[in-house]
Amino acid sequence: MEIAVFGGGAWGRALAFAFGEKNEVKIISRRDLNEPLKKLNDALISKGSAPIEQVDLQRGLKATLYVIAISVQHLREWFQNASLPKNAKVLIASKGIEVLNKAFVSEIAKDFIDPNSLCFLAGPSFAAEIIQGLPCALVIHSNNQALALEFANKTPSFIRAYAQQDIIGGEIAGAYKNVIAIAGGVCDGLKLGNSAKASLLSRGLVEMQRFGAFFGGKTETFLGLSGAGDLFLTANSILSRNYRVGLGLAQNKPLEVVLEELGEVAEGVKTTNAIVEIARKYGIYTPIASELALLLKGKSVLESMNDLIRRA
């Protein structure tokens with residue numbers, strides 16, 4: 001087996017499809033994926049590629065490259081159970097911050113694999129568009145440039161993959177944009193207008209960069225595909241789960257109802273709380289994340305947005 005993809009959700013299936021154009025791919029998931037994989041495999045076979053096969057966890061461990069697409073909140077437990085070789089070549093495609101330990105993805109992973117064997121996938125993309133073969137540009141961040149290029153060379157013809165360093169900047173950008181995307185959904189749901197939305201996203205990008213710079217993230221990362229690119233996509237599209245959370249909150253629905261109706265994981269909800277606690281610990285100014293955290297805890301949506309526009 002060349003590439004093992006862990007995670008049977010929409011994102012995991014999309015990545016399995018993407019890597020399946022050029023490579024033998026197996027997907028590992030607890031759920032039955034026979035029906036979801038049928039259309040994807042039909043498309044791969046029509047291109048002359050091998051179909052994706054679902055396998056169990058034990059068989060999935062014997063691969064050249066590993067792609068991880070599971071919720072960040074379960075990532076530590078997953079690593080504990082998977083028992084990957086310490087030198088396994090891993091690409092993490094999960095965007096968020098672990099709430100329990102206030103840990104970034106790379107901090108979780110370093111307890112289980114060699115940091116030089118780790119890559120992080122960032123940039124603007126939606127699973128629904130990838131499975132249609134629509135073009136996009138992504139970034140593979142790693143301290144190991146050769147490994148980043150190895151993963152980049154495995155991507156399909158419709159994805160332009162850049163290899164860059166600054167793994168901390170890439171993962172913070174990927175996590176933080178989900179937070180701003182919720183606020184973007186609220187802004188649109190309240191019909192506050194294009195000017196307010198532009199102000200929100202611009203200040204959101206500044207806030208993201210400020211937070212990331214504290215931990216060593218590079219400015220160019222936040223101004224590129226991993227930061228600005230992913231932010232502008234996620235905060236403006238109904239295809240974004242986090243954006244849809246914001247739309248629901250704008251209708252004065254309780255968060256529990258919004259998440260139940262969503263039926264999928266929106267990483268930005270828990271990431272918001274993690275960011276606020278980290279920012280409080282280190283004295284980082286995060287007005288948008290801080291106000292959004294109050295909104296998620298039940299503050300009036302109109303009051304939150306009014307306060308946010310004045311503060312951000």
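Cβ coordinates are placed from backbone N, Cα and C, and glycine is handled just like the others.
Marked as NADPH binding site by Swiss-Prot on the basis of sequence analysis: TRP11, ARG30, ARG31, LYS95, ALA127, ARG241, VAL265, GLU267. What Swiss-Prot lists as sn-glycerol 3-phosphate binding site is LYS95, GLY123, SER125, LYS177, ASP230, SER240, ARG241, ASN242, and the listing cites sequence analysis. Annotated active site, proton acceptor per Swiss-Prot: LYS177, in sequence order.
Cα of ASN242 (sn-glycerol 3-phosphate binding site) to Cα of TRP11 (NADPH binding site): a distance of 14 Å.
Here LYS177 (sn-glycerol 3-phosphate binding site) is positioned 10 angstrom away from GLU267 (NADPH binding site), judged by their C-alpha atoms. For the pair LYS95 (NADPH binding site) and ASP230 (sn-glycerol 3-phosphate binding site), the Cα-Cα distance reads 11 Å. Of all residue pairs in TRP11, ARG30, ARG31, LYS95, ALA127, ARG241, VAL265, GLU267, the annotated binders of NADPH, the farthest apart have Cα atoms separated by 22 Å. DSSP assigns VAL265 (NADPH binding site) to coil, not to a helix or a strand. Within 10 Å of the C-beta atom of ASP230 (sn-glycerol 3-phosphate binding site) sit 27 other C-beta atoms, taking all shown protein chains into account.
Per the record's binding annotation for sn-glycerol 3-phosphate, residues LYS95, GLY123, SER125, LYS177, ASP230, SER240, ARG241, ASN242 show a top Cα-Cα distance of 16 Å.
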